[in-house]
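Peer 1: The structure is given below, and queries will be raised subsequently.
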């Protein structure tokens with residue numbers, strides 16, 4: 001615990017500006033964390049990831065356990081040395097992937113038996129093994145093994161999954177041996193307000209230096225997700241960081257910050273970038289659109305990323321049409337910087353007691369994606385991951 005301290009610098013309503021210290025550096029919050037599923041942020045060199053202002057990145061326990069293995073990563077000196085990333089790293093527990101990518105997963109009180117989405121081989125995770133794997137990987141922040149109940153489901157099943165998550169957290173705490181890693185507990189409870197409150201109260205009582213909020217942004221409407229945050233965050237300790245897991249659209253980041261969330265991660269900006277969809281203040285720009293073929297303007301004239309400072313929309317469209325790898329890299333770099341900068345601006349607004357007006361002004365210009373469109377895309381991605389392997 002001595003290696004990890006959270007300082008709440010200032011609050012503006014429920015929005016918080018803080019600092020979380022780790023052995024590999026101090027993280028200023030609110031913060032967006034790029035996802036490096038396979039110990040790499042897809043298409044980018046770690047130096048580029050650092051240059052766009054990334055303070056911390058996330059890697060995935062499930063995928064690294066399968067390839068190249070936690071033992072190999074440990075043999076290579078741990079994740080930081082393996083991937084040459086000098087700043088903090090967070091690893092998830094693998095629970096979400098076990099339940100979402102493994103349709104044949106079998107859950108019991110001790111753990112989960114599942115089949116690899118790569119070759120169908122059988123594996124088993126328990127709270128103890130999930131902690132052991134993450135200790136070998138060596139991230140600064142590790143997550144408790146939890147059960148993310150599928151949605152929609154019954155109140156009874158959601159309650160059972162939540163209670164199992166609580167019991168598993170106690171086992172994770174008992175199994176943890178490394179003092180240089182911070183173990184976060186995870187609030188569950190689906191979209192049931194009473195369960196969210198119960199879970200938040202339970203996790204808040206545990207001796208963990210930070211708290212994740214899981215099981216959201218898995219198919220429910222945004223308004224429901226925001227409502228669950230409003231049930232959850234008021235019950236969490238003010239002296240610990242709150243991490244909303246797997247959430248990364250610009251509007252969700254701002255709405256999450258307004259409800260007291262400090263940390264976010266998502267593959268959305270990198271995935272969208274590789275598919276030619278770029279964030280701009282008005283929403284998303286599809287670079288494949290023919291109208292950009294002769295447009296000499298940058299993707300976003302207000303953006304300070306090297307893509308926008310150097311290249312035109314016409315050039316990026318050309319790169320995507322000719323399937324040049326540089327196009328994927330430039331789009332990924334822009335999207336990540338867009339979200340990182342958004343959180344920098346949010347932090348500044350909080351410190352100046354103007355967060356609500358900042359958010360209202362920003363969201364008044366940004367066009368969001370309809371729920372039905374998002375859900376169709378999410379379902380297609382999950383099906384692809386289950387049948388073809390991860391391309392996140």
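Cβ coordinates are placed from backbone N, Cα and C, and glycine is handled just like the others.
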Peer 1: Taking 334, 371 as the options, which does Swiss-Prot list with 303, 305, 308 at the Zn(2+) site?
Peer 2: 334
Peer 1: From 239-245, 246-252, 253-259, 260-266, which range did Swiss-Prot mark with region 'RNA binding'?
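Peer 2: Swiss-Prot lists region 'RNA binding' for residues 246-252.
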Peer 1: Could you look at 71, 110, 119, 146 and say which one Swiss-Prot places alongside 92, 93, 94, 95, 96, 188, 215 in the substrate site?
Peer 2: 146
Peer 1: Which stretch, out of 225-229, 230-234, 270-274, is listed as region 'RNA binding' by Swiss-Prot?
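Peer 2: That would be 270-274, the stretch labelled region 'RNA binding' in Swiss-Prot.
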Peer 1: For the Zn(2+) site given as 303, 305, 308, 334, which other residues of the same chain have their Cβ within 8 Å of the site's Cβ centre?
Peer 2: 298, 299, 300, 304, 306, 307, 309, 333, 337, 338
Peer 1: Return the member of 265, 303, 308, 334 nearest to residue 94 (substrate binding site) in space, with distance defined Cα to Cα and candidates limited to these recorded positions.
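Peer 2: With Cα distances computed to residue 94 (substrate binding site), the winner among 265, 303, 308, 334 is 265.
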Peer 1: Given the substrate site residues 92, 93, 94, 95, 96, 146, 188, 215, which other residues of that chain have a Cβ within 8 Å of the mean position of their Cβ atoms, reported in sequence order?
Peer 2: 99, 143, 144, 145, 147, 148, 186, 214, 245
Peer 1: Under a criterion of Cβ-Cβ distance under 8 Å and sequence separation of at least 6, what residues of the same chain contact residue 96 (substrate binding site)?
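Peer 2: Set apart from residue 96 (substrate binding site) by at least 6 residues yet with Cβ under 8 Å, we have 148, 214, 245, 246.
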